[in-house]
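Structure first, commentary second.
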Amino acid sequence: MPVPNSSDLSAPSFLLASIPGLEAAHAWMAILLCSVYLLAVTGNCAVLFIVRTEASLHAPMYFFLCMLAAIDLALSTSTVPRVLSFYWFNTKEIGFGACLVQMFLIHTLSAIESTVLLAMAVDRYVAICHPLRHAAILTNAATAKIGLAAMARGVVFFLPLPLLLLPLPFCGSRELSHSFCLHQDVMNLACANTTPSVVYGLTAILLVMGLDAILICLSYILIIRAVLRLPSWRERLKAFGTCVAHICVVLAFYVPLIGLSVVHRFGKDLAPLVHIVMGNVYILVPAVAHPIIYGVRTKVIQRRILNLIHIYSH
């Protein structure tokens, strides 16, 4: 087996993925992507503004919603502008350091979002199963501490990912399978033993997203048990109705995450279009869906959004 020379082993840059045969359509793809990104930014900024200015929404559930909005803004902004630069100006190359930073941000912000979704599930559990203790347990101070703990958890678990890739040599193909950098995608391009990186990456995913998903399911099992004990169907529907928005938000986050993981693990023979579309869905669908879901399910947010639209349309 030939030994690569030093220039091959260096990793100055990677190449972002493009769809073969559709290079001429990059401008149209950029317009579509930019439109979705602007929708996500507008929706999440509106949620932040409304919750901040509406005193009736100063409650743990909506503070957690603000955290989700801030995370979605950061996650989409850490990827979409670079993808738009690629589509508009054909800047396909991304530096090794910039790629590792982007990878760290994507995985860390996703872990923080998963933790916040778990906190929202616990909030719903306490509100339904222990309503008299809800205000005492989930105070504003406790909500802030949960947010800080979510940030610390994401950084601690996912900071080692780029550090494990930093010393690896890269040779051969430098083309990624997405329009941005993900850990497994970059790791697969290394021409060295990646077992430590594989093991740690899988462990981190299972201990954060995997554990959170299990605990969210457990919370809803307990919620359903409590709801079914209520005396009338009207009370049951009213109690469970407070959880519908959160369930939709959880699905909007975990379904694209699972879909992207499946494509990574078992979709090596799939067309490049599938990888690129799944990656963009994973980044943008939660950011667009979350404000829409809570805008539809929360009358105060819905009313304020309609007022803002009315003001700016005249």
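Placement of Cβ uses the backbone N, Cα and C atoms for every residue, glycine included.
Listed features, source TrEMBL:
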TRANSMEM  25-50  transmembrane segment
DOMAIN    43-294  domain 'G-protein coupled receptors family 1 profile'
TRANSMEM  62-88  transmembrane segment
TRANSMEM  94-122  transmembrane segment
TRANSMEM  134-159  transmembrane segment
TRANSMEM  204-228  transmembrane segment
TRANSMEM  240-261  transmembrane segment
TRANSMEM  273-296  transmembrane segment
Proximity verdict for the transmembrane segment (273-296) and the transmembrane segment (25-50), three or more C-beta pairs under 8 Å: yes
Outside the transmembrane segment (240-261), six or more residues from its ends: residues with CB under 8 Å to it: 68, 110, 113-114, 117, 120-121, 124, 127-128, 205, 209, 213, 216, 220, 223-224, 227, 278-279, 281-282, 285-286, 289-290, 293-294, 296-298
